[in-house]
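Trainee: I have a structure here, written as structure tokens, and I will follow up with some questions on it.
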Amino acid sequence: MRFTTSWALLPALLSSASARFVMYADEWHPTRPTNAQDRAGIDHVVLAFAYANNTAGYSPKVPISTIRSEFPNAKIMIAVGGWGDDTGFNTVSNSDTSVQQFASDVNTMLTNTGADGVDIDWEYPGGNGADYKQVSNSAKFYQIDAFPKLLAATRNAIGPNKLLSIAVPGKKRDMIGFTSQTGPKIWPSVDYINVMSYDLMNRRDNVTQHHTSITGSEDTIKNYLDIGAPASKINLGFAYYAKYFTTIGDCSASPLGCPIALAEDPITGKDLLTSGAWTFEKQHMAPVDASSLTVSYDGTCGPDKGTKCASGCCSQYGNCGTSPQHCSGACQHAFGTGCTDSDVAGSWQNAAKNGVTDQQAGGQYYFDPANHLFWTWDTPELISRKFDDIVRKYNLGGVMAWSLGEDSNDWSHVKRMADELKKSPSKPSATYAPRPTSKKPRPKPKPTSYKPQPPTKPTYEPSPPAPTYPTSNTNDYHSLPGNPTLVSDPNLPYDVVWVDGTTDGSGGDYTNTPGSPDDYTVVWVDENGIPKSTAAPATPAPQAQHAAQPQPQPTYDDGSWRPGKYDRKARVPGTTEQVAHYEPAAEKQEEEKHEYEQVCQLRRVRKRGVNARRAGRSV
């Protein structure tokens, strides 16, 4: 890092005196402050989300006129995309025609709703999205060039008087579409860059670390400054939720850097419900007196309803049932019976009271030895430090947070950010000089890589609605119509099957109740270790092996990075994760070894589940 003194800082200092406060408001956490003082200072509200391939017909659940009445001095914007909207962005970016149609549809949406601007939340251009196990990064190579074109087309369509912002990844390995070559094509089109400097640990990581911290957030901001992002356009991101991860063993001695249990299916990439996110909402912050609850009459339960299940578990989404998906994955212990997982709510309340501040890294954490849960989150005190150590130090244009309703317990995080924005900016003694990056051109993909074909006629149209299926409240696993990209390979020692459960939503969180057609997939292991159809008589079961075989891949930038053997990110109501993962060649062997161990671990877990069910036990 190099610093040089400069009087050129004066304009930045003047602008930082009125730094932006951008607040996302998502439909899953609709609570908003009723006291005007609790929402003071917020000057941009971003409503989330419209689908990328159906923007023209989008209508927010809360009318924009209502939002304007509560935030009279704020610009009201609409976010498009979010975690999991891969199909939408794959569709709108696959040709020049579809890009132009998307831009036109965005303009139609702004005209129809009266919104002041649009936020493009594409997670992520070039790969590492929620579908990374089904669609490899090499098949999304074209998106690296399509993204700047999409932004330029959108800017041209909406004109200079509407706002255009982008939400960008926090982890460097997800910055596939953000380089020193693409940056100069991106920044001129946008007004703001909302940096998601949180979820820096997710379910694709192997050991515990802060999901948000001062050092982690600072590194993220420097990554964008290094590729030419204007500091005046950058908004530092804050998360109004904690994250938790199940550890393999007792991490009391060294809570940071401790191995975590398998959190993601190594073949399908789906959530195994050993990790999650916990918002700062009122219902999450205080213990529940189960004796004061009334019995549910309609199958719903939880703190919002104030009811408990007559029998069975209360899922994290507030539905009574007895399926594994109701009874695990943040099952609400106080509102039903039969939960098989750790009491996440009770663990969090303990963590919130007894959290430990990592003064060096600037992060808050807690390890729960009884439940083997590691917690990581931001406190109001650490928010203040981030303003001093990052926002003011690097002359950033503003801050943003995800999301308003998630801080509804006391609005302490919202108010602390507003208080910091009122303070006079500290004059930094130097300006940041970007670190040198490789000047080598990005290579073209090999001929085998996917290249979108120009359509003979416009092909952009909303995807047809998915078929619906009845919700299951049984202990049985129900096979759903097969996804052609997930057909079991007879050469593998696993069956891949669809089961009722939950799916990742925006930011890697859960958005669907048990029984959704978007349910997660699991790897199923026969009792003898392999499907009977492929097991030769009297032949011992083979050891678990990698499900994916290495494919030739192009090198990138200076040649020291390449797509990993496994193409590997939420934001809201639950968790977040990463995806197609560029690995240094020197670390390839260690990563492959870890993947092998993960597959073996999952095989053992599933085998125990099969045996338990056959023995009539619950799991």
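Keep in mind that glycine also has a Cβ here, set from the backbone N, Cα and C atoms.
Bear in mind that TrEMBL entries carry predicted annotations, made automatically and left uncurated.
Annotations for this protein, taken from TrEMBL, read as follows:
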- 1-19: signal peptide (SIGNAL)
- 19-424: domain 'GH18' (DOMAIN)
- 298-341: domain 'Chitin-binding type-1' (DOMAIN)
- CYS313-CYS327: disulfide bond (DISULFID)
- 417-491: region 'Disordered' (REGION)
- 452-468: compositional bias 'Pro residues' (COMPBIAS)
- 505-597: region 'Disordered' (REGION)
- 534-550: compositional bias 'Low complexity' (COMPBIAS)
- 584-597: compositional bias 'Basic and acidic residues' (COMPBIAS)
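Describe each of these features in terms of where it is and what it packs against.
Mentor: When secondary structure is read from DSSP and collapsed to three states, CYS327 (disulfide bond) falls in the helix class. Cβ neighbours within 10 Å of CYS327 (disulfide bond), excluding its own Cβ and spanning all shown chains: 24.
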Trainee: Measure the Cβ-based neighbour count of CYS313 (disulfide bond), defined as the other Cβ atoms within 10 Å of its Cβ.
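Mentor: CYS313 (disulfide bond) is surrounded by 29 other Cβ atoms within 10 Å.
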Trainee: Can you tell me how the residues of the domain 'Chitin-binding type-1' (298-341) break down into helix, strand and coil by DSSP?
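Mentor: Helix, strand, coil within the domain 'Chitin-binding type-1' (298-341): 7 helix, 9 strand, 28 coil.
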